[in-house]
Amino acid sequence: EKTMIETQIQAKMKQKPKSIPWKSIFTSVPVITAVMCNFGHAWALFTMVNEMPNYMGKVLNFNIQKTGLFSALPHLAMIPTSVGCGYLCDWIRKKNLISITLNRKIFSFAANTLPIPFMLMASFSGCDRPKVIVFFMIMMFFKGISYSTCRALPVDLSPNYAGILMALMNGIGSFAGFAQPFITPFFLHTGDGSIEEWRNVFYTAGVIMTVFSVPFVFFGSGELQSWNDADMEPEPANAESSDADKPAEEAKTA
């Protein structure tokens, strides 16, 4: 398997792009749905990164030292699934149990929907701090699944342009990073916000996660796209290989 991978990489390295197929990339339905799916993931992630310290400190009245500690726990809960599901996806793919497209769809939809009930349960737990922390940890535990799908899709769709696809996904996903903090204050009308008002913040994150993951379920793909090799041309053989072949050619001639 290692030899096969190295051989394929060497074969790819003997090619160079004539031009980047921008039109094909921007009009590709699998790319568009992958970007949307990643945006939903990013919105939920930034909600937790930006708002969890505020929620714990101002609503649950944690002191500043404990706020930092307990705000980090949910993110640590992502580690087992972000790593474990990566291995699981690869194992399923290696065994050919299901297609790569179905593989990515199942895990991406799970990553964007399974966290929602636990996020809402946390918001309905009132000021019961242990429950809130546990529910947020379970939420982020399931959120970690996304790293086995969103982050792998650029390589699935187009190994030759995976860097461009990843930049596109992260670039658009970053809009959630500064849009989300501007949206949150619209729900908070009583100073730092009541638990009921904060619940609407989490509702919004749940809706966005679901809405932006559905198109990928119906129209997404994990298969190699036709435009991946459309604008590739083989590079001329290097000087070393040419020189190495000369003795053999001379021997044949002789």
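Using the three backbone atoms N, Cα and C, a Cβ is placed for every residue, glycine included.
According to TrEMBL, the protein carries these features:
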- 243-254: compositional bias 'Basic and acidic residues' (COMPBIAS)
- 228-254: region 'Disordered' (REGION)
- 20-49: transmembrane segment (TRANSMEM)
- 69-89: transmembrane segment (TRANSMEM)
- 109-126: transmembrane segment (TRANSMEM)
- 132-150: transmembrane segment (TRANSMEM)
- 162-188: transmembrane segment (TRANSMEM)
- 200-219: transmembrane segment (TRANSMEM)
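In this chain, the transmembrane segment (162-188) lies out of contact with the transmembrane segment (109-126); the count of Cβ pairs under 8 Å, excluding pairs fewer than 6 apart in sequence, is fewer than 3. With a cut-off of 8 Å between Cβ atoms, the residues of this chain six or more beyond the transmembrane segment (162-188) that come close are 20, 25, 31, 34-35, 38-39, 41-43, 45-47, 50-51, 150-151, 153-155, 197-198, 200-201, 204.
As a quick check, the transmembrane segment (200-219) and the transmembrane segment (20-49) clear the bar of 3 or more Cβ pairs under 8 A, pairs 6 or more apart, so the two touch. Same-chain residues lying 6+ beyond the ends of the transmembrane segment (69-89) with a Cβ under 8 Å from its Cβ atoms: 48-49, 52-53, 56, 62, 103-104, 107, 129, 133, 136-149, 152.
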